[in-house]
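Accompanying notes for the structure given below.
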Amino acid sequence: MLSGDEFARRAVAALKPRRIAVLSVHTSPLAQPGTGDAGGMNVYVLQTALQLARRGVAVDIFTRATSSSDEPVVSVTDGVTVRNIVAGPFEGLDKYDLPTQLCAFTAGVLRAEAVHEPGYYNLVHSHYWLSGQAGWLARDRWGVPLVHTAHTLAAVKNQTLAEGDRPEPALRGVGEQQVVDEADRLIVNTKDEADQLVSIHNADPARIDIVHPGVDLDVFTPGDKAAARAEFGLRADEQVVAFVGRIQPLKAPDLLVRAAERLPGVRVLIVGGPSGSGLDEPTALQDLAVDLGIADRVTFLPPQTRERLAQVYRAADIVAVPSYSESFGLVAIEAQACGTPVVAAAVGGLPVAVADQRTGLLVPTHRTEDWADAIGELLVRKGAGFSRAAVEHAAGFSWSSTADSLLSSYGRAIADYRAPQRPSTQWASRARFRPRRLSGLRR
């Protein structure tokens with residue numbers, strides 16, 4: 001006989017959606033991570049969609065078209081489709097301008113769904129607050145639950161802002177509060193992020209699910225360091241510290257370059273492209289290396305494919321993640337899966353992604369001297385079991401496990417949605433409605 005808890009667990013698991021709409025307004029899952037606004041969220045959206053499709057859930061991902069050459073519909077694989085919605089000009093729109101295009105984007109999403117019979121989607125999963133605004137309306141129009149993943153919060157980013165970086169606007173905080181109030185379930189990467197949602201936005205803890213992101217354990221594996229170094233023209237006998245990510249103040253690649261000045265003989269490998277406020281001075285990092293007199297020890301590479309990125313991790317002795325804010329840190333997990341220890345800032349989800357003193361070192365400050373000391377220490381200690389422990393640690397973060405946890409959250413969202421409705425929120429009535437479909441109209 002099943003216990004009450006086990007019966008409830010199986011009942012929720014049985015509520016698996018057939019088809020979901022995933023909203024990612026500001027960045028496409030098909031974009032190359034490390035360029036523009038493409039980063040860990042792109043990887044998350046695509047990899048979870050692929051895993052959900054393998055579990056029998058069809059996934060339509062809606063994103064804003066950014067080129068006239070974008071096909072309206074792109075089939076990624078059986079069960080995963082990307083739909084490029086025209087909303088505003090293709091080029092020249094900053095992410096901070098996108099709230100002006102939310103009406104156009106949402107209209108495009110609703111029109112795409114309107115050609116189908118009612119009930120085509122069983123659930124909406126929005127990523128980032130812009131998508132949450134669109135998802136809120138789609139949820140009410142379609143009569144299905146809304147699951148939301150914030151990925152980052154304006155208040156958290158502003159509390160840990162890099163010097164000279166642009167703060168998040170107040171309107172984002174208002175928009176995030178609305179989405180938190182309206183979402184049926186909230187997905188976070190770590191308990192720390194859950195606590196932030198509760199303390200900053202007064203989220204109901206009962207509606208929050210902690211779901212760790214994953215890593216592709218088939219791509220990111222240990223490999224031949226000598227071959228990897230040869231691929232990038234690195235000497236076999238030099239010490240290499242790599243940075244992978246968007247080049248912007250938030251990610252703090254300049255901190256690594258400054259630390260390298262204090263570490264004679266250490267080569268820094270920077271992999272990524274300018275993004276966000278980093279676009280204001282696209283050559284600032286190169287100029288810094290010149291000013292410090294270490295330009296000959298700093299190598300720059302453009303964003304890489306996943307397979308080439310795995311080679312970057314294998315070529316490095318250490319991967320550095322000096323971000324001022326990081327909700328999780330996929331780069332840290334990918335590097336460890338390749339057997340490379342990590343030096344990371346002790347912020348956000350990085351203390352979960354990196355096991356301090358076992359798979360790498362966590363640095364509690366952003367002082368150059370502290371980072372130079374930590375990197376120097378790990379370069380000396382890296383042979384003391386760090387690589388083996390890193391691989392073992394990363395093995396606990398698979399996209400397969402992430403997808404299973406998402407399905408459990410979806411099941412709870414569907415179960416709660418079918419249950420008696422909660423009272424209206426402070427923002428608006430939660431009443432579900434579906435517009436009457438008018439035949440004979442050309443869209």
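Backbone N, Cα and C atoms are what each Cβ position is placed from, and that goes for glycine too.
Binding of Mg(2+) is annotated in Swiss-Prot for Tyr313, Arg314, Ala316; the matching candidate from Thr283, Thr340, Thr359 at the same site is Thr340. Here the C-alpha separation of Gly40 (1D-myo-inositol 3-phosphate binding site) and Glu326 (UDP-N-acetyl-alpha-D-glucosamine binding site) works out to 10 Å. Its Cβ placed at the centre, Glu326 (UDP-N-acetyl-alpha-D-glucosamine binding site) has 25 other Cβ atoms within 10 Å.
Note: Arg172 (1D-myo-inositol 3-phosphate binding site) has non-local neighbours Trp129, Ala154, i.e. same-chain residues 6+ apart with C-beta under 8 A of its own C-beta.
The shortest Cα-Cα distance between Arg246 (UDP-N-acetyl-alpha-D-glucosamine binding site) and any of the binding-site residues Asn42, Tyr128, Tyr313, Ala316, Thr340 is the one to Asn42.
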